[in-house]
Amino acid sequence: MNNDPKIIVALDYQDAASALNLVKQLDPSLCRLKVGKELFTAAGPKFVEQLTRSNFGVFLDLKFHDIPNTVAKACTAASNLGVWMLNVHASGGLEMMQAAQQAVQQSESKPLLIAVTVLTSMNQTSLNQVGIHTDLTTHVMNLATLTQQAGLDGVVCSALEAQMLRTKLGAEFCLVTPGIRPANVNQDDQSRVVTPADALKNGSSYLVIGRPITKAEDPRKALEAIHQECNLAL
Ligand SMILES: O=c1ccn([C@@H]2O[C@H](COP(=O)(O)O)[C@@H](O)[C@H]2O)c(=O)[nH]1
């Protein structure tokens, strides 16, 4: 029995029924689940509570980004759903992240709180387009350092940056990496991609994987194949 599954399956579905159809093929010892903006907007907090009650660790990926007071209140509401992990955008700033962390620590369940550095869909060109001319890797490092300073548990980054962040920010800092693609699988809208095995070798704590599993003919088999590729317990 694996008590700390490394794979987080992204439930990017348009409604609860479609998401549940996948969830019933999965097992809490094999993976955790991620509820993002699409499913949360469609199915709501009650659906998140339904998932947490079924023993799956749930990452509520709503990437809060607002003024400190608003983000803190949103983090309290999210913590009260019993989720395992939730997140904010590091670019919301130090004060915002500190307010979020304080809110989470005052909640009963104290979920892990992490911050998004630079979205894995972005590359140097798209970063420049939003007015940031720092080297992308340096920008990720700056935001991750600020996140640690604010007292959060970790960051969302690409596994391309995991080795660098692990070395600088230590073994305990949680590195959650989307943009995971097994070899020869479509990259879709992701820019900074890494294979599951390489992501773990680079020091990722958890791999977020959506379409390579959810769009597979047999999602359970696709998940098990990734476990085998990475030598993870089944
Ligand atoms: O930088 C980020 C932050 C979040 N995500 C989310 O992860 C999944 C990835 O899904 P795939 O289908 O495996 O591409 C998705 O829910 C994103 O919202 C991310 O990709 N990058």
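Our numbering is plain: 1 for the first residue shown, then up by one each step along the chain.
Each residue, glycine too, has its Cβ placed from N, Cα and C.
Here is what TrEMBL records for this protein:
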type	residues	note
ACT_SITE	ASP61	active site, for OMPdecase activity
ACT_SITE	LYS63	active site, for OMPdecase activity
ACT_SITE	LYS63	active site, proton donor
ACT_SITE	ASP66	active site, for OMPdecase activity
BINDING	ASP12, LYS34, 61-70, THR120, ARG181, GLN190, 210-211	substrate binding site
DOMAIN	6-226	domain 'Orotidine 5'-phosphate decarboxylase'
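Features recorded in TrEMBL, as mapped to the structure shown.
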{"residue": "ASP12", "record": "substrate binding site", "contacts (Cβ under 8 Å, 6+ apart)": "GLY36, GLU38, LEU39, GLY210, ARG211, THR214"}
{"residue": "ASP61", "record": "active site, for OMPdecase activity", "contacts (Cβ under 8 Å, 6+ apart)": "ALA10, LYS34, VAL35, GLY36, LYS37, LEU86, ASN87, VAL208"}
{"residue": "LEU62", "record": "substrate binding site", "contacts (Cβ under 8 Å, 6+ apart)": "GLY36, LYS37, PHE40, ALA74, ALA78, LEU86, ASN87"}
{"residue": "LYS63", "record": "active site, for OMPdecase activity", "contacts (Cβ under 8 Å, 6+ apart)": "LYS37, ASN87, VAL88, HIS89, VAL116"}
{"residue": "HIS65", "record": "substrate binding site", "contacts (Cβ under 8 Å, 6+ apart)": "VAL71, VAL88, HIS89, SER91, GLY92, MET96"}
{"residue": "ASP66", "record": "active site, for OMPdecase activity", "contacts (Cβ under 8 Å, 6+ apart)": "ALA74, GLY92, MET96"}
{"residue": "PRO68", "record": "substrate binding site", "contacts (Cβ under 8 Å, 6+ apart)": "GLY92, GLU95, MET96, GLN98, ALA99, ALA100"}
{"residue": "THR120", "record": "substrate binding site", "contacts (Cβ under 8 Å, 6+ apart)": "CYS157, SER158, THR177, PRO178, GLY179, GLN190, SER191, ARG192, VAL193"}
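The local packing around GLY210 (substrate binding site), expressed as other Cβ atoms within 10 Å of its Cβ over all shown chains, amounts to 19. Taking a Cβ cut-off of under 6 Å from any atom of ligand 1, the recorded positions LEU62, HIS65, ASP66, GLY210 reduce to GLY210. Mean pLDDT across the domain 'Orotidine 5'-phosphate decarboxylase' (6-226) comes to 98 in this model. A helical conformation is recorded for PRO68 (substrate binding site) in the three-state DSSP classification.
When secondary structure is read from DSSP and collapsed to three states, ASP12 (substrate binding site) falls in the coil class. Classification of LYS63 (active site, for OMPdecase activity) by DSSP places it within a strand.
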